[in-house]
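This report concerns only the one structure given below.
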Amino acid sequence: MQAENQQTLHFQAPVRQIEAETWPVDEVMALFDLPFTDLMHKAQTTHRANFPDGDVELATLLSIKTGGCEEDCGYCPQAARYDTGVEAKKILDVREVLDAAKAARENGATRFCMGAAWRSPKDRDIEKVETMVREVKALGLETCATLGMLKEEQAQRLAAAGLDYYNHNLDTAPEFYDKVISTREYQDRLDTLGHVRSAGLKVCCGGIVGMGESRRQRAGLISQLANLNPYPESVPVNHLVQVEGTPLHGLPPLDPLEFVRTIAVARITMPKARVRLSAGRRELGEAVQAMCFLAGANSIFYGDKLLTTDNPEAEDDRVLLDKLGLKTRNKIESKSGSCS
Ligand code: SAM
Ligand code: DTB
Ligand code: SF4
């Protein structure tokens, strides 16, 4: 009997190796739960060890195709089904994109991110974006695009055109996701991120806080991001901009200190990523943003507009960075090695 058992064991199918999570939710949650000053100290120590220059990256956004989107993302002013006053427009001409990119470069931005209100781009859209990417890159800017879900072949085409980064957010924790979006699955987002990675593009991936999620769900988002292998090079942390007409309008606002904690936890768990203060900076004010920089944020969206909503005025940002004595990144370390 014993021999039989041994034989059974000997011939059993090999156990599938499950990759260990680098950052299980419980460990991320333990960081969130630290006393505020301990968390800030840990985040600042991590930040200094990984970014000794301490510079802040300036990334400018342009909406290359605004509004009329078929998806139902509950936060988004560009979803056609919500009455938000955002008008659906055609894709911009390359000339308009280049003019905006030149202005961004003159203002000191090093990265230019082109966003489109698509569920996923059609192949003929990719053709237009390829031209935009080539020409924006020729200006010496790093390029980023956010166009929705990508097929593998589309990611490869964008990479071949010289795109540096692709932005595609996980938005929130898997267990909160269906409270916000029903027209695409969490797995669809992970699949797009996989195609982006295998095309050799750098990944820009983050989420939104302040959508009514719990602290554990914020920890769940950070855990998902930090467990991507490798974790994203850029992590945009958006503070929900509540737009009238969207389902998430009217929620109680998130405690600003909880936003600062989220930045600190992102810094600790993804030590070499550029952690970007993204949407919602106008509502945060100077003191909270200063705490975010202390917590390890080292990138901002810079320019008077995000995609459809207002960002702080560029001039006000220059004043703030100056007041804090923070220098901006002026070197571009893109694949082509071009510099501005
Ligand atoms: N349509 C594409 C997509 O959804 O992937 C690209 C553009 S979409 C506007 C990019 C990201 O912007 C979203 O994933 C979301 O994280 C963020 N976003 C959109 N509306 C927002 C809002 N009201 N507040 C904060 N972040 C927002
Ligand atoms: C990201 O994470 N935030 C940016 C960018 N990636 C594309 C977009 C914020 C959009 C805020 C709402 C709007 O302006 O329409
Ligand atoms: Fe469309 Fe993107 Fe807005 Fe969702 S977030 S509604 S996919 S533009």
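Each residue, glycine too, has its Cβ placed from N, Cα and C.
Unlike curated entries, TrEMBL annotations are predicted automatically.
According to TrEMBL, the domain 'Radical SAM core' annotation covers 54-281. Model confidence over the domain 'Radical SAM core' (54-281) is summarised by a mean pLDDT of 98.
Counting every protein chain shown, the Cβ of C76 ([4Fe-4S] cluster binding site) has 25 other Cβ atoms within 10 Å. Positions annotated as [4Fe-4S] cluster binding site by TrEMBL: C69, C73, C76.
Residues or ranges marked as [2Fe-2S] cluster binding site by TrEMBL: C113, C144, C204, R276. With a cut-off of 8 Å between CB atoms and residues at least 6 apart in sequence, the same chain places C113, C144, T146, Y165, Y166, N167, H168, P232, E233, S234, V235, P236 near C204 ([2Fe-2S] cluster binding site), listed in sequence order. Under DSSP, C204 ([2Fe-2S] cluster binding site) is assigned to a strand (E or B) in the three-state scheme.
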>> As a test of the contact definition, list every same-chain residue at least 6 positions from C69 ([4Fe-4S] cluster binding site) whose Cβ is closer than 8 Å to its Cβ.
In response: C76, Q78, A79, A80, A117, W118, R119
> For the [4Fe-4S] cluster site given as C69, C73, C76, which other residues of the same chain have their Cβ within 8 Å of the site's Cβ centre?
Replying inline: E71, D72, Y75, P77, Q78, A79, A117
> Quick one: which residues besides C113, C144, C204, R276 have a Cβ within 8 Å of the [2Fe-2S] cluster site's Cβ centroid, in sequence order?
Replying inline: A59, L61, R111, T146, Y165, N167, S234, P236
> If you count the C-beta atoms lying within 10 Å of each candidate's C-beta, which of the binding-site residues C113, C144 ends up with the smallest number?
Replying inline: C144
> By a simple count, how many Cβ atoms lie within 10 Å of the Cβ of C73 ([4Fe-4S] cluster binding site), its own Cβ left out?
Replying inline: 22
> Which of the binding-site residues C69, C73, C76, R276 have a Cβ less than 6 Å from any atom of ligand 3?
Replying inline: C69, C73, C76
> Whole-number Å distance between the CA of R276 ([2Fe-2S] cluster binding site) and the CA of C73 ([4Fe-4S] cluster binding site)?
Replying inline: 21
